[in-house]
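So the structure is just underneath, and the comments pick up after that.
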Amino acid sequence: MTKYIFVTGGVVSSIGKGIVAASLGRLLKNRGLKVTIQKFDPYINIDPGTMSPYQHGEVYVTDDGAETDLDLGHYERFIDINLNKYSNVTTGKIYSEVLKKERRGEYLGATVQVIPHVTDALKEKIKRAATTTDSDVIITEVGGTVGDIESLPFLEALRQMKADVGSDNVMYIHTTLLPYLKAAGEMKTKPTQHSVKELRGLGIQPNMLVIRTEQPAGQSIKNKLAQFCDVAPEAVIESLDVDHIYQIPLNMQAQNMDQIVCDHLKLETPAADMTEWSAMVDKVMNLEKKVKIALVGKYVELPDAYLSVVEALKHSGYVNDVAIDLKWVNAAEVTEDNIKELVGDADGIIVPGGFGQRGSEGKIEAIRYARENDVPMLGVCLGMQLTCVEFARNVLKLHGANSAELDPKTPFPIIDIMRDQIDIEDMGGTLRLGLYPCKLKAGSRAAAAYNNQEVVQRRHRHRYEFNTKFREQFEAAGFVFSGVSPDNRLMEVVELPEKKFFVAAQYHPELQSRPNHAEELYTAFVTAAVENMK
């Protein structure tokens, strides 16, 4: 029988529910259980694919091509699993499916209502996420906070699950903020008490509290919360602020969180062996050397827009025994005159993905600087496309060369729309998304990075591609297409082999990086940057 764990939040949003859920998932996995995890987002968008990164941070893409919340990146990195389209559910997606069923007459003339039709659809998503992965345990995080109007159907579905599958198979975990008032010199429990009261008013009694706090709460605070919120004192878990997020599973384990969960759900498993994870955390906490990486991006004011890129760099730093000293460079402010000032002290330059004209010329300048000064450079997605544009302009002397996305009237469309995208008008969910194979050129930097594998599978999110009409011209000038699709139509990886490291990929390598298994192309880049340290 599958066990269901539901993680809700109160008092404030962005309290760390996703990290709590991911940490618990790691602990349960290390007990030998098969775990999956999903995020419920109560916004009306179908998915975050068309949302501005300023609104929502990065869009995380799964193997099967779902555009999802960035929390899924935390889930995959912590638990080291690959999720699917059932792992991210939004209000928009549910209502869209319910309305389509109504139009097809599948409700047989019934009045379509939130209860039971919307709640049934939500419960079906929970169960489908578990069955498609054959999981012992599924953890479901509900975005936002208790009391939000948008969350009500989701919480009602969670309430109903207890009756559907039995109380021994369901556990509710509520995360809240425990604020410390410096002037009063004490922690305040009232916000948590009121949040739990609100949750209980919706028919859900939490079995565990996770309290986010800046400093240890002490047993008296835990006892008080236990008394007023009707949970066991040992089930009040502190989520202390830490220097590194990968410490959190160890902190949770030290408070027996996973054992309490297993006891409640009647799961008999051995204790979680966190030896390897603990060794990784010890290493992370004691890195002495730093390598400086300049990230030239469009959305640098919001680091969450590049969350997976940053994490992948960190993971590759662990392999090289270095911390990443990240220098954020706003591509929109980069010019030929100031590029040396902005990136001249960097040991490596990364140009990540993005969309639109703004900042593209600044990214091209950064790529030119890296090529001309032999600074290790990694381009990703749009970064790969602009690497091709830069080479066309400055080496092949194709003046006015550009991407057709950025300049539809360019005389040299080095990057053009994919053939199967030409007649598509909708923006959402229509990109080339998900896992696709890439055939690597023997003897190339890319092949070396991937331990000389012939084919790798990586996740994509793009609509435009390299225009193969220019391929021979590029190759004649020494530009190497070191990764291509198996049918040889799509150029996936490009490089200049005479440079220290000048490689760019159409796919998103960062989406498959893990703290205990860094993504290989990122690792090769960071290794080159370390060798280039000033």
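Placed from the backbone N, Cα and C atoms, the Cβ positions cover glycine too.
Here the structure is a predicted model, which means the values were calculated and not measured.
For 1-267, the entry in Swiss-Prot reads region 'Amidoligase domain'.
The Cβ of Ser13 (CTP binding site) has Gly143, Gly144, Thr145 as same-chain neighbours under 8 Å, each 6 or more residues away in sequence. Secondary structure from DSSP puts Ser13 (CTP binding site) in coil. The feature CTP binding site is assigned by Swiss-Prot to Ser13, Asp148, Ile149, Glu150, Lys188, Thr189, Lys190, Pro191, Thr192, Gln193, Lys224, with sequence analysis given as support.
Thr189 (UTP binding site) falls outside any helix or strand according to DSSP and counts as coil. The Cβ of Thr189 (UTP binding site) has 20 other Cβ atoms within 10 Å, all protein chains considered. Annotation source Swiss-Prot lists UTP binding site at Ser13, Lys188, Thr189, Lys190, Pro191, Thr192, Gln193, Lys224.
The annotation ATP binding site is assigned in Swiss-Prot to Ser14, Ile15, Gly16, Lys17, Gly18, Ile19, Asp71. Of all Cβ atoms in the protein chains displayed, 23 besides its own lie within 10 Å of the Cβ of Ile19 (ATP binding site).
What Swiss-Prot records for Tyr54, Gly354, Leu382, Gly383, Met384, Gln385, Glu405, Arg463 is L-glutamine binding site, and it gives sequence analysis as the kind of evidence. Gly354 (L-glutamine binding site) falls within neither a helix nor a strand when secondary structure is assigned with DSSP, and so counts as coil. Residue density at Gly354 (L-glutamine binding site): 21 other Cβ atoms are found within 10 A of its Cβ, drawing on all protein chains shown.
In the three-state DSSP assignment, the secondary structure recorded for Asp71 (ATP binding site) is helix. For Asp71 (ATP binding site), the number of other Cβ atoms no farther than 10 Å from its own Cβ, over all displayed protein chains, is 24. The Mg(2+) binding site annotation in Swiss-Prot covers Asp71, Glu141, and the record cites sequence analysis as its basis.
Residues or ranges marked as domain 'Glutamine amidotransferase type-1' in Swiss-Prot: 292-534. Confidence annotation: the domain 'Glutamine amidotransferase type-1' (292-534) carries a mean pLDDT of 94 in the model.
Taken from Swiss-Prot, the feature active site, nucleophile covers Cys381, and the record attributes it to sequence analysis. Proximity of Cys381 (active site, nucleophile) to non-local residues of its own chain (separation of 6 or more, Cβ distance below 8 Å) is seen for Pro352, Gly353, Gly354, Arg461, His462, Ala505, Gln506, Tyr507, His508, given in sequence order. Under DSSP, Cys381 (active site, nucleophile) is assigned to coil, being neither helix nor strand in the three-state scheme.
Among the features that Swiss-Prot reports, active site is placed at His508 (among others). Other C-beta atoms found within 10 angstroms of the C-beta of His508 (active site) number 25, with every protein chain shown included.
Its own atom aside, the Cβ of Glu510 (active site) has 31 Cβ atoms within 10 angstroms in the protein chains shown. In the three-state DSSP assignment, the secondary structure recorded for Glu510 (active site) is helix. The annotation active site is assigned in Swiss-Prot to Glu510 (among others) on the grounds of sequence analysis.
Neighbour density at the Cβ, taken as the number of other Cβ atoms within 10 Å, is lowest among the binding-site residues Glu141, Glu405 for Glu405. Cβ crowding, taken as the number of other Cβ atoms within 10 Å, peaks at Gln385 among the binding-site residues Lys17, Gly18, Gln193, Gln385, Arg463. Look at the binding-site residues Lys188, Lys190 and count other Cβ atoms within 10 Å of each Cβ; Lys190 has the fewest. Counting in whole angstrom, Asp71 (ATP binding site) lies 26 from Met384 (L-glutamine binding site) by their C-alpha atoms. Least packed by the Cβ count within 10 Å, out of the binding-site residues Gly16, Pro191, Gly383, is Pro191.
Secondary structure at Glu141 (Mg(2+) binding site), taken from DSSP and collapsed to helix, strand or coil, is strand. The two recorded residues, Gly18 (ATP binding site) and Pro191 (UTP binding site), have Cα atoms 20 Å apart. In this structure, the CA atom of Pro191 (UTP binding site) is 16 Å away from the CA atom of Ser14 (ATP binding site).
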